[in-house]
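As structure tokens, the structure follows; a few thoughts come after it.
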Amino acid sequence: MANFKTHVAVAAVASAAAASLMAYIRLISMDQTLWLTLLGTVGGMLPDIDASNSRPVRLLFTVLALISVSLTAKTLQYRYDAYIVLALALAAYPLTRYGLFALFNRFTEHRGVFHSLLAAAFFGLMAADISYYLLHWSVLQVWLNGLFVAFGFIVHLLLDELYSVDLSNKRMKKSFGTALKLYHYRNFSVSLLLLAATALLAWVAPPTKQVWQAIALSQWHVIH
């Protein structure tokens, strides 16, 4: 399969091209292209969070730990004394970074459920919901955020499959078919849990009416 640098580079180039196309048809402004390219690049790293010692998973849980510190402090700041809030917020970091990380590694395997199109939908919807409910961004921007995370994710899966083809010997490697799949075929229970989580994210996701209106008003016809 492709290495970390290759995944980052390809996801960045593909996302930049997609964002530039959206700017060209005036669906977004040029100053939004860099942000969407960044999200697509992040999405291109996400499938490897199931590799226990990979850079993406370490980075992800570090970011999650910092977010947990912030959310703990924000949630408890008016309920307890400052020193208690500080202690609980600081405790949230190791619990998330190391405790949750260890639990996550125990129940995941490389090229398992997170190397699937179902996982791409899960992370795309998660990005959209976080942008909408926590960051309070516009509906169009929210869905673009989710779209680019999912897009970068799928680029990663496609690249892994391309690396599973041995062109010199004209044969398929044993890893072929383990990256780009609908769900984790060998662990149906885990796939079912991820499907339930994805369905929940879709159920609470913001409406798409404004997105279709924006597309209708854009100049998408110029690419025909």
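Glycine too: its Cβ is placed from the backbone N, Cα and C atoms.
Residues 57, 61-62, 64-66, 68-73, 76 of the same chain sit 6 or more residues outside the transmembrane segment (82-104) yet have a Cβ under 8 Å from a Cβ within it. Annotation comment: TrEMBL describes 82-104 (among others) as transmembrane segment.
TrEMBL lists 116-135 (among others) with the feature transmembrane segment.
Taken from TrEMBL, the feature transmembrane segment covers 141-163 (among others).
TrEMBL lists 184-205 (among others) with the feature transmembrane segment.
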Folded-back contacts onto the transmembrane segment (141-163), same chain, C-beta under 8 angstroms, at least six residues removed: 1-2, 6-7, 10-11, 14-15, 18-19, 22, 28, 32, 36-37, 39-48, 111, 115-117, 119-121, 123-129, 131-132, 175-180, 206, 208, 211
